[in-house]
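Peer 1: As annotated by TrEMBL, carbamoyl phosphate binding site applies to B:R51, B:T52, B:R101, B:H129, B:Q132, B:G257, B:P258. The L-aspartate binding site annotation in TrEMBL covers B:K79, B:R162, B:R216. For B:2-142, the entry in TrEMBL reads domain 'Aspartate/ornithine carbamoyltransferase carbamoyl-P binding'. The domain 'Aspartate/ornithine carbamoyltransferase Asp/Orn-binding' annotation in TrEMBL covers B:149-293.
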Amino acid sequence: MTSVLFQRARVIDPRNGVDGIRDVLVTDGRVAQVSEAPLVAPKDARVVDATGKWVVPGFIDLHVHLREPGEEGKETVLTGCRAAVAGGFTGVVAMPNTKVVNDSALVTELVLSRARDADLCHVYPAGAITKGLKGEELSEAGELVGAGCVALTDDGRPVMNAALMRRVLQYATLFDVPVMVHEEDLTLSAGGAMHEGATSTRLGLRGIPASAEVAMVARDLVLLEETKGRLHVAHVSCEGSVRLIREAKKRGLRVTCEVAPHHFTLDDRAVGDYDTHAKMAPPLRGDADVKALREALVDGTVDAIATDHAPHGVSDKLVEFEKGINGIVGLETALGLTLALVHEGVLTPRRAVELLSEGPARVFGLPGGHLAPGSPADITVVSPGEEWTVDAHRFYSRSRNTPFHGRTMKGRVSQTWVGGRCVFEDGQLKESR
Amino acid sequence: MRHLLGIAGWRRDELEALLDRAQEHLPGGPEASHVLRGQVVANLFFEDSTRTRSSFEVAARRLGADVLNWSFAGSSVSKGETLLDTARNIEALGPAIIIIRHRSSGAPHLVARHVKCAVVNAGDGAHEHPSQALLDAFTLRQRWGSLDGRTVLIVGDVLHSRVARSNLVCLKALGARVVLCGPPTLLPPGLEEMGGEVTHRLDAVLPQADAVMCLRLQTERMAEAFLPSQREYSRLFGLTPARVERMKPDAPVLHPGPINRGVELSPAVADGPRSVILEQVANGVAVRRAILERCAS
């Protein structure tokens with residue numbers, strides 16, 4: 001029997017209404033006891049003095065690109081898992097737009113097998129909505145869910161065909177998995193390289209109007225209402241989208257959504273002089289959008305913070321802005337950017353933890369996300385006040401594409417525990433192999 | 001190293017100093033400078049532009065430079081070489097200045113970050129065309145002495161125009177009022193934040209203009225549904241003799257060239273007494289000499 005005792009921690013467990021100084025005892029990979037009174041460490045238990053630290057449910061990222069199979073030079077399941085646990089994540093949802101696309105049990109099983117080999121954190125594959133992400137034929141959702149997929153998505157691409165979108169919302173109710181959507185009307189975004197606004201005009205770059213996202217959110221909410229399905233809107237970036245989702249939630253529709261840290265931190269001015277590290281899809285929006293996203297994080301419209309971790313090689317970004325590939329890595333900076341909102345007084349610590357752990361677990365129906373006795377001991381220990389400077393060269397991810405290199409952050413992952421095993425501690429991985 | 005990547009960020013006195021220097025480069029001016037004698041100026045043109053390339057070439061030669069002309073057609077770029085690799089290869093030939101024209105906005109900025117020599121932007125995407133704006137300002141200043149209080153009307157496809165952006169910034173910095181006119185589909189958001197005034201009614205603003213600058217209309221804008229037809233554009237925004245009648249008596253007509261005759265300008269206007277199009281071309285050499293000199297200093 002292996003045990004761990006976290007002493008004098010500030011335990012924040014939103015689902016169970018806990019926010020206070022507690023001792024937490026973990027036995028055999030599960031939470032055994034959370035107590036206000038000091039606990040006595042069992043014989044041979046590891047004792048962690050967590051004074052001044054937060055002990056919270058392990059973070060879960062609903063939106064990660066692990067690039068395997070097909071683009072292992074950018075990331076692999078193993079390197080992605082290393083980056084995840086370094087960022088405090090004990091579970092990640094792997095997007096299917098790999099090269100081979102995850103539209104069959106075979107690819108799902110490959111990803112799960114690589115995740116078992118990595119043996120660091122939980123990897124939950126998402127399966128493609130359509131075969132080859134072509135937006136034409138539905139992939140076999142039953143087979144994908146049977147093999148372990150937790151959601152269906154053509155992420156990276158919208159489902160432009162409304163009839164097909166309507167059908168997948170209907171069909172997925174068979175398995176009760178969310179349909180996760182990248183909302184972008186390609187006829188509105190065509191040729192665009194950044195958000196349409198004063199900055200795109202100044203830089204002479206073709207803009208992507210907010211309507212490219214909002215119009216598709218509106219369409220899918222109409223289809224959702226008709227089909228009684230489950231819709232999860234990925235990486236919401238603008239004010240119009242959160243307004244529609246807020247209203248739909250009020251009317252009882254089964255819609256959830258996530259926001260990426262870069263979208264609530266930066267606006268389109270971050271493109272500066274054509275910095276491709278600020279190029280992503282959806283693009284960084286205007287300051288009114290950033291403000292609206294922050295409000296939506298506070299008021300419950302947003303269910304989860306998800307990174308859209310998108311590793312790319314140096315040469316993908318060292319090109320003309322229009323040619324630059326979309327996306328940034330996010331796993332290792334997510335906590336710092338989220339805590340910046342706490343330090344600014346936008347989010348309470350409890351709400352921040354909810355958005356990183358309880359919320360994502362709830363929307364995709366994943367294990368973890370809370371610390372009640374009996375739940376898996378997936379735990380993140382946070383040093384909320386520790387200052388550090390982002391150095392992309394020291395990322396565990398195989399890629400370094402981030403606009404946050406050099407940024408000073410306040411708040412850092414101290415330890416990451418998965419199933420009662422410490423996998424990351426004081427900046428170092430603790431790999432079992 | 002002094003790059004010229006755009007007009008944005010320049011102070012008025014810097015612009016005035018450069019235009020003053022260009023004045024000295026006009027034919028009949030003081031003894032020619034040979035500041036670039038024995039040096040190489042590389043013309044790196046990823047987009048065809050005989051006009052701008054030739055103008056820079058003449059300017060460079062007048063300063064004593066050897067000119068290396070490199071063009072996209074048949075080059076290594078068409079074999080998949082990246083912009084940076086091309087630029088680094090050109091740099092290895094040892095130029096003092098690289099002049100770059102590229103269809104992507106920001107391409108000269110990328111090159112400037114990775115080479116040691118000076119970089120001059122000869123037009124990047126829909127971003128800036130600083131030497132054109134400087135020669136336009138020079139041409140107007142020649143007529144007026146100062147741009148203070150003057151109204152310059154820019155007509156046409158502002159959305160896709162680097163000339164419009166550079167001119168807006170440049171003319172504003174030199175004290176002019178800039179009004180931008182065109183169909184709503186071709187006027188992007190945020191022009192007011194750059195100091196411009198926006199209108200869609202050409203006939204209403206023409207009488208206020210001290211100069212009218214027409215922009216070239218690309219025929220592909222019809223295919224992209226920015227406009228129903230060239231015919232309709234011409235009817236609503238083309239400068240005809242009848243419209244010239246509405247302008248102030250001495251207001252000149254500018255155009256960066258090449259002209260679509262009968263679209264932006266009626267032939268009678270293009271070749272008429274108001275047109276300063278050929279003056280612009282001639283002034284271009286003097287202005288570009290001043291630019292290259294500045295980069296070499």
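Cβ coordinates are placed from backbone N, Cα and C, and glycine is handled just like the others.
Note: TrEMBL annotation is automatic and uncurated.
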Peer 1: For the binding-site residues listed here (B:R51, B:K79, B:R101), tell me which residue's CB has the most neighbouring CB atoms inside 10 Å.
Peer 2: B:R101
Peer 1: Sorted by position, what residues of the same chain at least six away from B:R162 (L-aspartate binding site) have a C-beta under 8 A from it?
Peer 2: B:S105, B:G123, B:D124, B:G125, B:A126, B:H127, B:E128, B:H129, B:Q132
Peer 1: What whole-number distance in angstrom separates the two most remote CA atoms of the L-aspartate-binding residues B:K79, B:R162, B:R216?
Peer 2: 31
Peer 1: Same chain, not part of B:R51, B:T52, B:R101, B:H129, B:Q132, B:G257, B:P258: whose C-beta falls within 8 angstroms of the C-beta centre of the carbamoyl phosphate site? Give them in sequence order.
Peer 2: B:S49, B:S55, B:A122, B:G123, B:V163, B:P256
Peer 1: Using a 10 Å radius around each Cβ and all protein chains in view, which of these binding-site residues has the most neighbours: B:G257, B:P258?
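Peer 2: Per the Cβ count, the most surrounded site is B:G257.
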Peer 1: Measuring Cα to Cα, how far is B:G257 (carbamoyl phosphate binding site) from B:K79 (L-aspartate binding site) in Å?
Peer 2: 31
Peer 1: Using a Cβ-Cβ cut-off under 8 angstroms and a sequence gap of six or more, which residues of the chain neighbour B:R216 (L-aspartate binding site)?
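Peer 2: B:R216 (L-aspartate binding site) has long-range Cβ partners B:G156, B:D157, B:S161, B:H255, B:P256, B:G257, B:P258, B:I259, B:N260, B:E264.
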Peer 1: Against chain A, with Cβ pairs under 8 Å, which of the binding-site residues B:T52, B:R101, B:P258 show up? Give them in sequence order, please.
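Peer 2: Of B:T52, B:R101, B:P258, none lie near chain A.
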Peer 1: Given B:T52 (carbamoyl phosphate binding site) and B:K79 (L-aspartate binding site), what distance in Å do their CA atoms have, once rounded to a whole number?
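Peer 2: Per the Cα atoms, B:T52 (carbamoyl phosphate binding site) and B:K79 (L-aspartate binding site) stand 25 Å apart.
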Peer 1: Measure from the CA atom of B:K79 (L-aspartate binding site) to the CA atom of B:R101 (carbamoyl phosphate binding site) and give the result in Å, rounded to a whole number.
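Peer 2: The Cα atom of B:R101 (carbamoyl phosphate binding site) is 19 Å away from the Cα atom of B:K79 (L-aspartate binding site).
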Peer 1: Where B:K79 (L-aspartate binding site) and B:R51 (carbamoyl phosphate binding site) are concerned, what is their Cα separation in Å, rounded?
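Peer 2: Answer for this pair: 26 Å between alpha carbons.
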Peer 1: Kindly assign B:R216 (L-aspartate binding site) to one of the three DSSP-derived states: helix, strand or coil.
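Peer 2: Going by the DSSP assignment, B:R216 (L-aspartate binding site) belongs to neither helix nor strand, so it counts as coil.
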Peer 1: Please find which two of B:R51, B:T52, B:R101, B:H129, B:Q132, B:G257, B:P258 have the most distant C-alpha atoms, given that the record lists them as binding carbamoyl phosphate, and give only that distance in angstrom, rounded to a whole number.
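Peer 2: Answer in Å: the longest Cα-Cα distance is 16.
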Peer 1: B:H129 (carbamoyl phosphate binding site) has how many other Cβ neighbours within 10 Å of its own Cβ?
Peer 2: 29
Peer 1: Would you count the other C-beta atoms found within 10 angstroms of the C-beta of B:T52 (carbamoyl phosphate binding site) for me?
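Peer 2: The Cβ of B:T52 (carbamoyl phosphate binding site) has 23 Cβ neighbours within 10 Å.
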Peer 1: Roughly where does the domain 'Aspartate/ornithine carbamoyltransferase carbamoyl-P binding' (B:2-142) sit in mean pLDDT, to the nearest integer?
Peer 2: 93
